[in-house]
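The heme b b562 binding site annotation in Swiss-Prot covers 83, 182 and is backed by similarity to another entry. If you look up Swiss-Prot, you'll see 97, 196 marked as heme b b566 binding site, on the strength of similarity to another entry. Residues or ranges marked as ubiquinone binding site by Swiss-Prot on the basis of similarity to another entry: 201. Annotated transmembrane segment per Swiss-Prot: 33-53, 77-98, 113-133, 178-198, 226-246, 288-308, 320-340, 347-367, in sequence order.
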């Protein structure tokens, strides 16, 4: 008799995705981030659900309801900080996952890559609306500044901003709708992640060498299930260490002050995972130009498969491209640092140079390096 996992309609799907899935035998730990992102998403949904049971999306009570969760709800403090720091872990895994895709040429699977970019945008939107919910100073002013950017859109800008706000400023209506968005988006992300996986399993996984691995595949279980469990344990240990020893390390102290429309914080800045895009936004003196650059800093990922000029898929055997890749990583970190600094000399000029380099590397230098490498190899 055939095993039930191979015949049952539901079990069959799980079996083909996580148990009997043929997987390249040589994928490294950089391939762990997919499962870690799944784990992060499940953790965020669960902690978020418990937070939503006690949170009130109203301008008068939002801040105090978060304080109530931390002080009066059983283990509310750990649920809140797991959720806040879980978002940071989520983005660390996301950026590592994207970096892996860039380095090893995983973007050649175009459908998987494009859905991944949509997923990134959805996660960023979720994190942004979520940051507004505690209704601290940085929540309020972050929401005001970022939503206000849409007013740069010609003709419809102002109307659009007021439509999103539900009034003439960030107020009760804004907070309520942001809570609704923050609740629904993770479930949309979950569905998109399933589609992401569906497209990946159409082609099978890439591998570090970027060559076909059909002749050398092993079952996902037990080899990669055990490897994923190790990755998950490491993630949980790091998250718990962050949550229990330094819960506010990555947060902003301004968010412990209740929102006050009459007093602007000295330095308005988003959470650390948006700082690179914020630095690019601030580098351009024109409002509309800045907004376009902000969106392009993410959407540029969609052009990467079209700009692949190398005859090889992976960067494993391409030293020029490797150098430019790590330069891009350094540039990303530089932008992240600049985004958290005040708008003054020398940070402004550094930010502008880093922003130019960011787009130059992705759109010009990396495709050119690939062509040079092809020539050197007489391909």
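Keep in mind that glycine also has a Cβ here, set from the backbone N, Cα and C atoms.
Taking the features listed in Swiss-Prot, we show where each one sits on the structure.
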| residue | record | Cβ contacts under 8 Å, 6 or more apart |
| --- | --- | --- |
| 83 | heme b b562 binding site | 44, 47, 48, 51 |
| 97 | heme b b566 binding site | 33, 34, 37, 116 |
| 182 | heme b b562 binding site | 48, 126, 129, 130, 133 |
| 196 | heme b b566 binding site | 112, 115, 116, 119 |
| 201 | ubiquinone binding site | 16, 17, 21 |
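If you count C-beta pairs under 8 angstroms between the transmembrane segment (288-308) and each of 33-53, 77-98, 113-133, 226-246, 320-340, the highest count goes to 113-133.
Of the ranges 33-53, 77-98, 113-133, 226-246, 320-340, the one with the most Cβ pairs under 8 Å to the transmembrane segment (178-198) is 113-133. Counted over residue pairs separated by six or more positions, the transmembrane segment (226-246) shares fewer than 3 Cβ pairs under 8 angstroms with the transmembrane segment (347-367), which leaves the two as not touching. When Cβ-Cβ distances below 8 Å are used as the criterion, the transmembrane segment (33-53) is approached by residues 69, 79-80, 82-83, 86-87, 89-90, 93-94, 96-97, 100, 182-183, 186-187, 189-190, 193, 228, 231-232, 235 of the same chain, each at least six residues removed from its ends.
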